[in-house]
């Protein structure tokens, strides 16, 4: 059916008035969005066992909806993706792309990048330089082989080709590092910093390529004017906009604004994203550059940046960005790659892209005294393409630098290089994290002064915290078991558990973790009271404190907890209990954890190499004297609880009450006969505790 674009209406009058909603702009957009999200989520579900990032599924979903697969059915294309709807779909997708690049700018912390040192800069530069050198040969090859590729000037084609071969997708890389548990390792930190350097350099080179492509059809001087205007825009943003956003961030970080950012500041910032995009489009550079630069100008400290990301990331990344993949897929026709010559060309492009990036990073890593295995892993990680590559290719196609066949070849190259990253890194460099076999299960009794008076035993405690809500009670519990009068010293490991998700705010967490290497947990808030963990537990000279952080998804977080407990030889792990809101729940009551953490606690209980204690937080009091009750029935768990109660009773301000239950007919709680020796052991332990 042929439509006049000027006669298209926004909404229909309904089927009862013989209107087909698919002939109107907004109902059709709803159908397109629903179809795109369904297909991308379905592919993501099937690719998840292969540990592939979500961007792979979204790119594949876009290609499937395009002329490569479903687009071959003309009736379906005219029904769901008619030609008159393309400008509407691309406009909505461009809004999502604009705000996504703003989020990318928010994720890049220039201060953290600068702190990473010269090694990351040299690694990023070597990968870019060698890829650009290889890009010269690929440009010559494509211009000689692909029909119509020589219609564009060599400089413009070479710049786009060099950027597409050298770019590293920073957001996709962060997710791959998280999936492989490498975020807080030396390899992960170096890869993140080098990718950030690479991203900034690639955007600058892409802006240069866009400026040259825009002025190639008229006058070369136009490209110079575009570049000078772009530099002036960046200077204006640094001189004028950055101080203004610093002031806004400081206002939102004042006392009283901790959990609330004024709506006016949010709306002002979102309007700033749109205006910045319009300014760069007015200059002649793509609008996404303005949004990216504006994101860089927002300070990363305080609550403002995190609040911005939480407000817009789900809507942008979950709804609008998949539309960009769909619009890109409608332009991608893999069927253009025909014959052995075309597939040979694709193989050459993929191998050249991989060789330039991996070899350049590997050689510079070796020169920087990084071990060969880690250098090779860095090269594989830096070869990640994904979404950022797709943006570059779409701009090249929009500027008429890339034709259909070149575009399809480079899209396939981006897919293959991103797909191969995770399995190849796992094959080359994957530190063992899981505890496959526990030779010895450590307990509190082993570190007790009753058993090891002469060996000066050391009690090692691993305390896990989610945040400020459950921290005060955890502090009070640890303060209660210091037992300054016992023979054993205490070494306390505080493990801050951070959940890593697909959200962009997870990258902000990574930057905060990397800012000082391993972060210190030194201030928690509950109401008006400040708790300083170090001062609370360091008041006795026998206590040593170490702070650690783990960032991982909830299904695999128990691996990290058990790994730390095994590595630090902890005798006990203390976990916050996974409480759920009940009817009549008092909101002022602390420590509401959430259902997702229940699986973490259950798996830690199953795999832990030591004793595990669950802290059910009912507002553990700091009042003196402290009253503690230990319910003793029998068995190893009760003996550990008795040992813990004994340590509490060693403090002068603690009163311990022990209640012992005896089963009828000589049976224990599992209805199995009680052995005489077990009863004697329990009686001896009980007498010792009472005597102490």
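Cβ coordinates come from backbone N, Cα and C, glycine included.
The model shown is predicted, which means the values in this text are computed figures rather than measured ones.
As annotated by TrEMBL, domain 'Cation/H+ exchanger transmembrane' applies to 36-425.
If you look up TrEMBL, you'll see 491-621 marked as domain 'Cation/H(+) antiporter central'. Mean predicted confidence for the domain 'Cation/H(+) antiporter central' (491-621): the pLDDT average there is 66.
Per TrEMBL, the feature transmembrane segment maps to 24-43 (among others).
TrEMBL lists 55-73 (among others) with the feature transmembrane segment. Distant neighbours of the transmembrane segment (55-73): 35-36, 39-41, 43-44, 46-47, 81, 169, 172, 321-322, 325-335, 386-387, 390, 411, 414-415, 418-419; these residues of the same chain sit at least 6 beyond its ends, with a Cβ under 8 Å from one of its Cβ atoms.
Residues annotated as transmembrane segment in TrEMBL: 88-108 (among others).
Residues or ranges marked as transmembrane segment by TrEMBL: 120-141 (among others).
Look at TrEMBL and you will find 153-178 (among others) tagged as transmembrane segment. If one looks beyond the transmembrane segment (153-178) by at least 6 residues along the same chain, the residues whose Cβ comes under 8 Å of a Cβ in the stretch are 53-55, 104, 107-108, 124, 127-128, 131-132, 134-136, 138-139, 142-143, 188, 191-192, 194-196, 198-199, 202, 205-206, 208-209, 212-213, 216, 352-353, 356-357, 381-389, 392-393, 396, 399, 401-402, 410, 413-414, 418, 421-422, 425, 500, 502, 504, 506-507, 510, 551-553.
Counting same-chain residues at least six beyond the ends of the transmembrane segment (190-212), those with a Cβ under 8 angstroms from any Cβ of the stretch are 104, 108-109, 112-113, 116-117, 119-121, 123-125, 127-128, 153, 155-156, 159-160, 162-163, 166-170, 173-174, 177, 182-183, 223, 226-227, 230, 284-286, 289, 292, 361, 370, 378, 381-382, 384, 388, 392, 395-396, 399, 401, 510, 514. Sequence annotations record features per position, and here TrEMBL assigns transmembrane segment to 190-212 (among others).
Here TrEMBL flags 224-244 (among others) as transmembrane segment.
Beyond the transmembrane segment (265-292), the same-chain residues lying 6 or more positions past its ends with a Cβ under 8 Å from any Cβ of the stretch are 94, 97-99, 101-102, 104-105, 203, 207, 210-211, 214-215, 222, 226, 229-230, 233, 237, 241, 245, 248, 251-252, 298, 304, 307-308, 311-312, 391, 395. Per TrEMBL, the feature transmembrane segment maps to 265-292 (among others).
According to TrEMBL, the transmembrane segment annotation covers 312-330 (among others).
Taken from TrEMBL, the feature transmembrane segment applies to 342-364 (among others).
Within its own chain, the transmembrane segment (376-395) is flanked in space by residues 53, 55-56, 58-59, 97, 100-101, 104, 123-124, 127, 160, 163-164, 167-173, 176-177, 187, 190-191, 194-195, 198-199, 202, 206, 210, 286, 288, 325, 328, 331, 353-354, 357-362, 365, 370, 402, 407, 410-411, 413-415, 417-418, 421, 424-425, 428-429, which lie at least six positions past its ends and keep a Cβ under 8 Å from the stretch. Sequence annotations record features per position, and here TrEMBL assigns transmembrane segment to 376-395 (among others).
Residues or ranges marked as transmembrane segment by TrEMBL: 407-429 (among others).
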Contacting positions for the transmembrane segment (24-43) when only residues 6+ beyond its ends and CB under 8 Å are counted: 8-12, 54, 57-58, 60-62, 64-65, 80-82, 85, 88-89, 92, 318-319, 322-323, 325-326
The transmembrane segment (120-141) vs the transmembrane segment (407-429): 3 or more CB pairs under 8 Å: no
Seg_contact(the transmembrane segment (342-364), the transmembrane segment (312-330)) with at least 3 CB pairs under 8 angstroms, min sep 6: no
Distant-in-sequence neighbours of the transmembrane segment (224-244), which means Cβ under 8 A and at least six residues beyond its ends: 207-208, 210-211, 214-215, 272, 276, 279-280, 283-285, 289-290, 293-294, 296-297
